[in-house]
């Protein structure tokens, strides 16, 4: 039987994938409007929070909007109902719709926006383009009675702990004996109040990214039989997975810049795009940064890319790219719309695995500001 989920539980699960720690300094992420301290029945994923999107959310009786682009980026000095931002805020509050934003953390996350773009283009075996750091790893040690080894081990693995390379559910355990004396006010699973209890237990340990600790602890505590689960946490010097801006990878076969531009256009369902470079030149190594990647042109060239796909390309930056022999394709900023289906499918899978009762939809409203003639 499926169970309800609160906004806090959903976002805790979501942040296990796109932790706030990945966001660039000053980025406006997290909860923008409303509260997460409520049951959510329906969630809508959108690229932007505009008035047509909010009207769509109201019509669909949505409880929570998950957006990529920040709704409130600059501090508000006033809220006027005769202006779009004020009307949106009024509608959100009136209809009890919360807005949560994952911006550059969703760009950098493994499986995030840039990976979604590479997947849409059919570019396999891609890796981080501009590395910003490595995930911080920790070790968790849990003391588990023999009777619940499998339950706790499975809970750790299913919640994301125990991944080493291409292996999952990696743990180590050693036998021992635990002692405890239940005091007044307790309801012990084993033993009697006021009496010292000795129990055969195992010391179970595994590794995990620090960013997913809340969800791992929650899963372990739900599987563990004791009122108070005994556990230790240790910081590690091991290097976690790399994270950073953009992705770089290779086409299976080289093609002309012109043919590749047509491939981008059709793969991302675009009416038009801008191209810088020799259309007849063969290209194979592709770098992608969704959104505005103007300031990274030189770095992308140094990484060995033949083509750089990014939006909002400036006139003078295009000249700079030509000067260093880097082809550029500007498909616009709106290509980040791939995140709508990507986030929807990721959350649907996790909620289904955990048996949560929730409906996740994507916004159908058009937020592309440009028209192409």
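The backbone N, Cα and C atoms fix where each Cβ goes, and this holds for glycine too.
A quick note: this is a predicted structure, and the numbers were derived from the prediction, not measured.
TrEMBL names 68, 69, 333, 336 as divalent metal cation ligands; from the candidate set 25, 107, 115, the record adds 107 to that same site. By the criterion of other Cβ atoms within 10 Å of the residue's own Cβ, the least surrounded of the binding-site residues 68, 333 is 333. Under the three-state DSSP scheme, residue 107 (divalent metal cation binding site) falls in the helix class. Each residue in 47, 103, 106, 113, 290, 291, 339 lies on the same chain as 68, 69, 107, 333, 336 and has a C-beta within 8 Å of the C-beta centroid of that divalent metal cation site, without being one of the site residues.
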